[in-house]
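Colleague: Before I ask anything, let me first share the structure, which is written out below as structure tokens.
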């Protein structure tokens, strides 16, 4: 449950999608890495907030407690610490595993691909962070998925908001996990979860509500910097300063039209320490003035403390990264192709070697071998004496553009007849 087989038409579509994403990562100077699908159980535990329960644990195999990787970020941090790497720009595309309740139609699975881009190293504030947001913008624009919005926030601003609203430190992460649901359920339901399940006082929840329903741009940041309570909080002030810088850089990139500073954005993972962002697709709705979100398709943020957790001396490596929700995007593109009736070509064969009459199998095998040796993608039918019509029909069915025909006459003249299948025109060569 929650996994699926991909027929050739899916794989072609997915490869096309991944090629576009990889091209963007390479354009920004990233190198590829790979890590094992198995990690030690202790590597993964305690890094994902409430979602730790979704980790696939494996039974003791030869003295090691193992688990399947839950994302590509924690293995990346472990890789940096183990290899003492303090500076790298990397991308990683691989499958991850979550013991989630699958919702196949919405692109939610237990086994799925993630596409991650991360910048690790000590740099001036917000430059790598701005580039991660820009990459998200580039990929979503390239894929032409329709209108989207990239929400940005900062964990320090959130922590500052929680602090001035009277939430104890011990309740920060549970409160974040509740807030993370704000894009799916209305504030009233989130509030009752905070009070009922997370044990916040109704007053504290109401105070949070005043902040988390705010969203805007630089004007909102200026307003919060003047806020009598927040401006007194050291963490919130730092976060707001960096957020201002981030929006200034994004403005230089010319993409602020798609950016919203949104105080409700929490991203429920434990390891974020600074900027967090999430891209959502928007759908125009006739009944509502504002477009509605149809789900997150990318997310990321800064996690400066994660590498230090794996380093014996606790040495920290600042990191920021983005993960593209390739399965969600794939589901959307798949539905689009289905609706358009477009026929996806599943092979790249350039030419079918064809014989028009009997006893010419030898000629076919000789010619196809020459084509293969020359690096040409070629096929033939696995029948000794196939009918000419059947061979040409195969070209039409599979989208092979050319047929190389060798008959008695062609063999005598030492030529091949090349047929353009779509135009039904022939030339002798």
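Using N, Cα and C of the backbone, Cβ positions are placed for all residues, glycine too.
According to TrEMBL, the record shows the following:
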| type | residues | note |
| --- | --- | --- |
| BINDING | 71, 72, 73, 98, 114, 118, 267, 271, 272 | L-histidine binding site |
| DOMAIN | 1-356 | domain 'Aminoacyl-transfer RNA synthetases class-II family profile' |
Colleague: Including all protein chains shown, what's the count of other C-beta atoms within 10 A of the C-beta of residue 71 (L-histidine binding site)?
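Modeller: Within a 10 Å radius of the Cβ of residue 71 (L-histidine binding site) lie 19 other Cβ atoms.
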Colleague: Could you give the mean pLDDT over the domain 'Aminoacyl-transfer RNA synthetases class-II family profile' (1-356), rounded to a whole number?
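Modeller: Average per-residue pLDDT within the domain 'Aminoacyl-transfer RNA synthetases class-II family profile' (1-356): 89.
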Colleague: Quick one: of 73, 267, 272, which of the binding-site residues has the smallest count of other CB atoms within 10 A?
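Modeller: It is 267 that, of the binding-site residues 73, 267, 272, has the fewest other Cβ atoms within 10 Å.
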Colleague: Listed L-histidine-binding residues 71, 72, 73, 98, 114, 118, 267, 271, 272 - what's their greatest C-alpha to C-alpha distance in Å?
Modeller: 21
